[in-house]
């Protein structure tokens with residue numbers, strides 16, 4: 001993967017992956033930083049990336065794992081999370097309905113949230129979600145079904161014009 | 001608008017939350033990562049070269065490993081290994097380094113084979129957690145021996161690495177101090193930002209003065225999909241010597257712990273010129289069977305129930321189902337147990353442990369132990385002792401105080417295998433969350449000829465127990481499956497049948 005290929009990959013995927021990771025972790029700043037770091041690692045391993053079937057899935061998974069790792073470190077070790085990218089980025093305003101949706105997603109069990117984000121937001125077919133998560137397709141279908149039901153209930157509880165608690169900082 | 005699908009579709013279309021940043025910035029950061037990695041590799045090579053002239057610092061990059069396996073004397077994990085003929089060592093030599101025969105391979109990986117031995121090397125370049133060499137810490141003589149999984153065999157590439165560093169100090173006191181210092185470092189893992197402690201286990205008994213195994217995990221700098229690095233570090237002192245054994249690999253979260261403790265004990269014995277007490281290098285825990293003690297005196301894997309036959313804990317969704325694991329630290333087979341099972345005086349034991357996990361926590365656990373005694377009288381006496389534990393619950397191995405909720409009752413006719421005697425009791429103890437969650441444990445002991453089978457089966461619920469289907473019960477929960485009693489009995493039947501299968 002040369003510079004031009006990487007830039008094209010980055011420009012085509014960055015916003016999309018950011019949104020997906022934001023939906024998964026509920027924090028847009030953190031999502032942006034982790035996705036940026038994941039792309040940096042993709043460039044650092046560009047030779048390997050050339051043989052990866054789904055580079056975007058690689059970046060998404062890496063970013064998600066970075067986010068989880070940073071969260072764990074903050075929670076359990078009391079250490080400051082690493083700030084690999086350094087400068088904190090300026091974030092555009094996020095639509096209130098999206099904030100509410102992300103807040104509702106955040107209330108789902110992690111496995112259900114992951115399945116919903118990968119299927120409905122990353123637009124992956126069920127079998128590909130199953131492959132990425134590493135569970136049978138039947139399990140993904142069950143998680144999707146339960147997750148959608150729970151999400152509908154959470155969104156129905158949402159008062160008109162107000163966002164649910166939690167979500168972005 | 002509460003339709004989740006349309007909200008999700010709109011979210012996908014808008015792709016909100018994306019910041020303003022450039023591909024060039026990501027490339028600059030990527031180049032920085034590459035430079036740092038190259039610098040580490042270069043420094044690692046320099047360290048190996050410098051050791052000829054003097055002590056160096058541990059430098060490490062690479063895979064991790066989680067490794068804990070049966071403790072020989074201190075728990076239900078395994079039997080005490082009687083100290084072998086421990087002869088005081090005179091001068092550390094290559095003969096005091098571990099060999100393939102000392103190392104326990106773990107399924108599904110092939111056996112370890114010796115790769116290279118380095119004289120005067122007190123560093124473990126593969127251990128990310130240790131930042132000092134044994135030479136730095138005062139060792140007069142040092143060696144390192146590297147092992148790899150037998151090349152060319154299936155899964156060899158995924159087995160990771162195993163290394164042993166051995167050093168001789170001026171005195172036993174000094175060796176023990178260094179051992180404690182290194183054990184602390186292995187647990188805190190100062191060399192890795194973000195390392196998390198996965199568990200510790202003591203290594204005691206026989207010739208060993210001090211010893212422990214620390215296991216940490218951390219995210220890789222070079223991320224592989226769905227894997228974390230695990231580093232298991234055993235630090236053991238015996239006489240005036242210290243052994244540091246490191247097992248590392250990349251693993252997925254659900255992979256069961258590998259074996260390291262028996263290997264460390266064997267290596268410690270050899271380090272001081274004693275005969276290692278352990279089993280040969282073949283894995284005693286191969287497959288889905290005995291993981292916690294070597295099979296001896298007629299007991300073997302066939303005496304342990306296959307967890308894949310357990311009925312599902314259908315109140316909770318689990319991606320893995322019943323999953324065999326090695327508790328770290330070790331746990332008693334029965335919550336009400338007063339002493340480790342080795343106190344019962346059996347001549348052999350095999351044991352296994354399974355857990356059921358949701359995405360968030362362990363919600364089910366099965367602990368099975370099969371004990372063989374010298375004669376029926378000894379088995380009978382042990383049965384009575386276990387019965388007393390189940391009645392009085394003098395537990396002191398779990399760190400909590402279980403409460404007996406149902407005294408033992410005779411269930412021998414409920415079990416297909418037809419044991420001479422069998423009794424079941426119930427106990428509860430608090431869950432780890434500090435809230436209402438409670439472990440509801442069923443404890444069983446069954447006796448047949450010279451053998452006992454113990455089964456501890458726990459499910460997390462609370463404050464009410466899992467539903468029994470009794471609608472008159474004030475705790476009846478109509479939204480739950482009524483499968484709890486059936487599940488208990490099925491697991492007990494299977495465990496007892498397997499436990500005495502060779503006697504019937």
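Cβ coordinates are placed from backbone N, Cα and C, and glycine is handled just like the others.
Keep in mind that TrEMBL annotations are predicted by a computer and have not been checked by a curator.
Annotated range for transmembrane segment in TrEMBL, selecting from B:39-59, B:60-80: B:39-59. Within the listed segments B:214-242, B:243-271, B:272-300, B:301-329, TrEMBL records region 'Disordered' for the stretch B:272-300.
Check TrEMBL against the ranges B:464-483, B:484-503 and you find region 'Disordered' recorded for B:464-483.
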